[in-house]
Every structure is written in C-alpha cells, then in structure tokens.
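Now, the feature entries from Swiss-Prot:
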- Cys28, Cys212, His237, Glu241: Zn(2+) binding site (BINDING)
- 30-40: motif ''HIGH' region' (MOTIF)
- 271-275: motif ''KMSKS' region' (MOTIF)
- Lys274: ATP binding site (BINDING)
Amino acid sequence: MLTVYNTLTRQKETFKPLEEGRVKMYVCGPTVYNYIHIGNARSAIAFDTIRRYLEYRGYQVDYVSNFTDVDDKMIKAANAENITVPELADRYITAFKEDTKALNIEPATLNPRATDNIEEIVAFIQDLIAKDYAYAVDGDVYYRARKFKAYGHLAGQDLDQLEQGASEHTATEETLRKEDPIDFALWKAEKGNEIAWESPWGKGRPGWHIECSVMSTKYLGDTIDIHGGGQDLEFPHHENEIAQSEAKTGQTFVNYWLHNGFVTVGDDDQKMSKSLGNFVTVHDLIQEVNPQALRFLMSSTQYRRPIRYSQSLLAEAQTNLDRLKTTLDNLAFRQPTAEPGEDQIVMDKAAELEAAFVTAMDDDFNVQNGLTQLYELAKLSNQYLEQPTVQSDTLTSLATRLTRLLAIFGVVFKADQLLDTEVESLIEERQAARAAKDFAKSDAIRDQLKAQGIILEDTPQGMRWRRA
C-alpha cells in the first residue's frame, strides 16, 4: 500500500488516485532564463523517479511540467543579452531538454509554455474578477488573498504576519494600489517596451502564479492527484495556485502536495541557488563527469530530505554504478556456459528482496531503504556467480530484476560496443603470447589495451573484456 507525505496535511496518507490505475501529476518546471543548476535538476530527478516508480507499480502517469517563458527574470535576462524574451526562452528550453536527456529524465507527457496559453490565462482572470476574487487597478489585476478563507494553510502562514511582511517588502506605490498588502498580481500592466499582450485591462503580461493554475487545470482537469515542486515553492507560489484555482472551480485543486528538499553545498550546508552564486550548472558539470553519476547521486536520497553535493559524493555514486554494472556484465558473461534450469533458493531470495524494495518505496518513496534492497540483490548475484556451475534461468532472473529496479532510478547501462579490428588483433596477439609463455609481451599488450580503455580479465571461464 503506497503512502505519500502530503504537505497540505503534514502527514503521510494512503495514495488513492482519482481514477484507478491512472495518475494526474503536475510539476512546476523551470523559468527558462539560464541553464539549470544542480538544485533545479534535483527537483526534476526526484519527480522523475517518483513517476518511474508509479509506472513500475502499474499506473499510467499523465505528467505535465511547464516552462515559465515570461516573467521579470526573463525580461531582465533578455535585455542584458540584447535579445527578445522568446529568443531567450527558445535557447534555454533547448538547453533544458539537452540537460534532462543527458540525465535520462523521461520527457513529460506535455511541456506547455505560459506564452502559448495567454488566451486561457486572460479568461481565467476574468472569471476570478466576476467571482469578486480579483480586481483591476490601472491595468494591473490583483487577487484578494484574504477573501480565500484557506489562504496560508498549505505553508502554515499567519495572515497578520504576511500583511506585515508584505508591507515591508512591497514598493510603496504598489502597496497603495492594492486593497490589502497580501494581495498578489494576476496580470501586470505593460511597462516601457516589455513584452505584452492585449487584455481587457490593457496591454500587459501574466503573473507567475496564474500561469501554473491555468496550465495544470487546462491539461489535467480541475482536480489533480499530485502536484510537485521544490520546498521553496510552497509559499507563495503553490499557496497562490490553490487560492486561484479553487476560487475559480469550487473544487479541490490538488489531492497530494509533494515538495522536494534542497541541494546543499559546503561545510555549512548552504542551499544551492543562483541568488547566492554557489551553484553549478548541469550544462557545465556533465562536460566533466558522467551524467549518470549525477543522476544516481540525486536519486539516492528520499525526495523530502536535503542532498549535500560534493565531488567526493559524486565519485562515490560513480563507484556504486561501476560495481552494479560489473555485476550485470558478469551475469551476462556467464550465460553462454550456464546449465539449463534454475536455483530455486536463489530465485526465492531475489523475489523477497524485490518485495522488500517495494515495501520501502511504498513508504513515501524511501529510496535509501529501497537502494539497500537493490544492493542486497547485487550482493546475492555476486555470491551466486562465485559458484563454479550456474543455471541460465537464474542468471536471467537476477539480471532482469536488477535492470528493472535500476531503471526506476534512471540507470540504464549501455551495452559495450564491439571491439574494432585493431583491438581484436591485439587480443589475438596477446593470447598467442600467453600460449608461448611470453608473459612480458602479454602484459605489454594488456597495458596497451588498457590505455585505449579496454580492460582484459582472465577468469576460470575464459578471457573477457570490458570498457574502463
């Protein structure tokens, strides 16, 4: 029985989707004004892992993740580079797709762009005005936050404290235009030569919060199963999404709110962020390291907990991947000489370990405990491989289970390419040298192959090779 921690209720709840066998899932995507950093990638990876596990459990997942392609940051960045906002968006949407592909993040069912939904955004705001939840002032439109009785509930915010904070951090001119300091913008009037669209209130552009309300309800319906995002989005973004959406539809907006923890760096575990300047972009990092190692590191901690990023932890993730790949390679290597049949004791133990994996993951996607079972499955496989005689069905079963569970973490090992003619010739030459007991030459050829990234291993079952 799958349980998830619901931020709205601050407790674990049994997961029951609106439609049996199908999950509607919306995850806030990036504001595409720059390359994503590792902290941004953590959110994408965490919810991709959750999605993959739901699919493993037999659910069809309708997964929508948006692109925020117009807001203050977009305008500022476009002006700095002397290009248009759409040009900036196109550049970094392409970069995002390249980065997430390298991290083996499954493409979303839909990746809507805010600017493709302006007509729906305007209609949504008009509906809120008609219901007296919003009001227009000099081309801007604001939401009456206090009118929504549950405002502040998601993030546990007190309205009086919010009023004081809003008054301290909002420009005096804007505060005077608002009916209440905690009201927030749904539509922003055009300023200067900013990108803008026609609306009943004059030319302008949407506020950030309204974009996600419109896109999630448009593509997934008035009520969705799971809404995900980083913990920094709880307030005000997700709080405002609830207020907007439920005021318009009169329905529960989201049944389960899931929020991932931050990526931290340094001895003081400081949150990684662009504003603090302590970030590393995925684009730069994957030029230097195996993207799969970064993916595995980001997948190895339960999604609600913070993850510390460091080069040593990244190297540890790569070591763990190498060991798992070696296990799978060894299972494949023994297959041609395996006897027919199966070892029922080993098969039963493997089934128990996969069942324990499911139990762990069913507890709010507890990947740490899940990985413990996966490593035990790899250990069982290695112990079985030590036997002089192995059975083909058992090898296949072990490899299939390992591959299936690793895929939940986005780990898919590519088959080694065939050796080219030159390397094949060197291997034959080495075998001839060994037969002639010319071990110095044999070792020299081995070292030459190693320099080309080919590792030779002499085993009781014969010589085998693998790429370093």
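The backbone N, Cα and C atoms fix where each Cβ goes, glycine too.
It should be emphasised that the depicted structure is a prediction, and the values quoted were computed from it without experimental measurement.
Positions of Swiss-Prot features highlighted on the structure.
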residue : record              : contacts (Cβ under 8 Å, 6+ apart)
Cys28   : Zn(2+) binding site : Ser43, Ser65, Asn66, Cys212, Gly228, Gly229, Gly230, Leu233, His237, His238
Glu241  : Zn(2+) binding site : His209, Cys212, Ser213, Ser216, His227, Phe253
Lys274  : ATP binding site    : Asn34, His37
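Annotated Zn(2+) site Cys28, Cys212, His237, Glu241; additional same-chain residues within 8 Å of its Cβ mean position, judged by their own Cβ, are Trp208, His209, Glu211, Ser213, Ser216, His227, Gly229, Leu233, His238, Asn240. Across the motif ''KMSKS' region' (271-275), DSSP assigns 0 helix, 1 strand, 4 coil. Note on the motif ''HIGH' region' (30-40): DSSP counts are 3 helix, 2 strand, 6 coil. For His237 (Zn(2+) binding site), other Cβ atoms within 10 Å of its Cβ number 17.
Secondary structure at Cys212 (Zn(2+) binding site), as computed by DSSP, is helix.
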